[in-house]
Amino acid sequence: MYKKQNKNHFSYFSFLDMPQKDPCQKQACEIQKCLQANNYMESKCQAVIEELRKCCARYPKGRSLICSGFEKEEEEKQTLKCTPQ
């Protein structure tokens, strides 16, 4: 823990408490740009969406807030596979 002195008070913080940049933020921004450029037609942005999926696959579950939607989608697919028909 580090102590930082301000003019009127002391504040304590830890580098572990500081937010980290999402590792897949760049890919998410590319998707947003693509969607805006293509009138929000998802079919036109499949390549950049796939790049985000690849990025998400490189990190452990829970590391990227941006990837949480893909993680939930994957859990639902697994649940459906395990459910007897």
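Cβ coordinates are placed from backbone N, Cα and C, and glycine is handled just like the others.
TrEMBL labels come from automatic prediction, so no person has curated them.
Per TrEMBL, these features apply:
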type     : residues    : note
DISULFID : CYS24-CYS55 : disulfide bond
DISULFID : CYS34-CYS45 : disulfide bond
DISULFID : CYS56-CYS67 : disulfide bond
Mapped DSSP class for CYS24 (disulfide bond), helix or strand or coil: coil
Cβ neighbour count within 10 Å of CYS55 (disulfide bond): 20
DSSP three-state assignment for CYS67 (disulfide bond): coil
